[in-house]
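Colleague: Mind having a look at this structure? Questions to follow.
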Amino acid sequence: MDLYEHQARALFQEYGIVVPRAEVTDSPKEAREIARRLGGRVVVKAQVKTGGRGKAGGVRLAADPADAELTARRILGMDIKGHTVGTVMVAEPVGIEREFYVSYVLDRAAGRFLAIASAEGGTEIEEVAAVRPEAVARVPIDPAEGVTSSKAGEIAEAAGLPPQTVDVLVRLWEVLVREDAVLVEVNPLVRTEQGHILALDGKVTLDDNARFRQARWGAQDAEHDDPLEAEAAAKGLNYVRLDGEVGIIGNGAGLVMSTLDVVAGCGARPANFLDIGGGASAQIMADGLSVILSDPSVKSVFVNVFGGITACDAVADGIVQALDAVQLTKPLVVRLDGNNAPRGRALLEERAHPYVQQISTMDGAARRAAELAAAD
Ligand code: GDP
Ligand code: MN
């Protein structure tokens, strides 16, 4: 689970990392009051769980309390990359001398954490890494050692950060370990004109597998960052949204994972992961289809089923019934194989839906779904 900026900064504060004074509100009138309390001039910041708020106009300076109210009114309700702004943070402005980037991320491939740091903070780190890779330091962390002062010194030196940042690097690591985070990112970490080091932004992603021992976030259990994932979760579906154009439905997590790979191998991008599991009832199929079809990026859907304990005819029957319940607006490619496949294929054949076509192999069906997505 991702935290909002104001939640991340609350954690930072607990661990002794300095952040600007700020308050959160959903009301423009209250934004004015907060600005008054903070001394008049403030920064108004959209609270959404996505980056690039600055570029999108979600971070704005306000000259005085009246301006803070107007600015809050403009930012509240804004859409930033599909996230509607429901609250703003009103913060004391900081005179920035230099902006840095620091983060700890889980490097899944290496099975350890990685410190990423740069003296060129403020802009998105991916951009810095693309243009000037040498400006981004990547230092692996030994999990047994963690980030000691000497390790933090090594990170700071590799990135060209001033020695003053060493203390913050150690504290950020404590946040990561003690709060069970898989990502802690500060962009920008700044040196102010007065020479203080402050965290001006914060992103923290918690490890969902550790939620049971991080009780304070319990109330947010049902919260999903993506509206389609929230809808799918409410329907009890095992769905993860991705950013491609081929919708995927399969039975069994392993099969769905390899379906994603095969579709990617055909030069298309999967739009989601959806494992309908063993049951594959008409209801689950209809729910799955309706979630996938409400994703505007989806151009075609690939249903990949291997009949095991649940026979293909039962799955085909589910698809046929789902076709009556859901208005199919995109081409659907179905591959049925395994237990009772001929019977299942015949059932779908009989239904003769103009948007549905069957291909008997996984590779062939993936290729067809990719072609259909590209042709749209
Ligand atoms: P993001 O765009 O979502 O990463 O939002 P940030 O919180 O990082 O804000 C974007 C940019 O706004 C930062 O990189 C800063 O340059 C600038 N900014 C944010 N807060 C302040 C502030 O208090 N004073 C000044 N001068 N700039 C700020
Ligand atoms: Mn930022």
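Yeah, the Cβs are placed from backbone N, Cα and C, and that goes for glycine too.
Predicted, not measured: the structure shown is a model, and the values here were computed from it.
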Colleague: From Asn238, Asn251, grab the residue that TrEMBL records in the same substrate site as Gly308, Ile309, Thr310.
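Modeller: Checking Asn238, Asn251 against TrEMBL: the substrate site match is Asn251.
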Colleague: Lys29, Lys45: which one does TrEMBL list with Gly52, Arg53, Gly54, Val94, Glu99 for the ATP site?
Modeller: Lys45
Colleague: What is the interatomic distance between the Cα atoms of Lys45 (ATP binding site) and Asp201 (Mg(2+) binding site), given in whole Å?
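Modeller: So the Cα of Asp201 (Mg(2+) binding site) lies 10 Å away from that of Lys45 (ATP binding site).
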Colleague: In the structure shown, with every protein chain counted, which of the binding-site residues Glu99, Asp201 has the densest set of Cβ atoms within 10 angstroms of its Cβ?
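Modeller: It comes out as Asp201.
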Colleague: What is the one among the binding-site residues Gly52, Gly54, Gly308 whose Cβ has the most other Cβ atoms less than or equal to 10 Å away?
Modeller: Gly54
Colleague: Measuring Cβ to any atom of ligand 1 with a strict under-6 Å cutoff, which of the binding-site residues Gly54, Asn251, Gly308, Ile309, Thr310 qualify?
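Modeller: Going through Gly54, Asn251, Gly308, Ile309, Thr310 in sequence order, those close to ligand 1 turn out to be Gly54.
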Colleague: According to DSSP, folded down to helix, strand and coil, what is Glu99 (ATP binding site)?
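Modeller: The residue in question, Glu99 (ATP binding site), is strand (DSSP, three-state).
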Colleague: Specify the nearest of the binding-site residues Gly52, Val94, Glu99, Asp201 to Asn251 (substrate binding site), where nearness means the distance between Cα atoms.
Modeller: Gly52
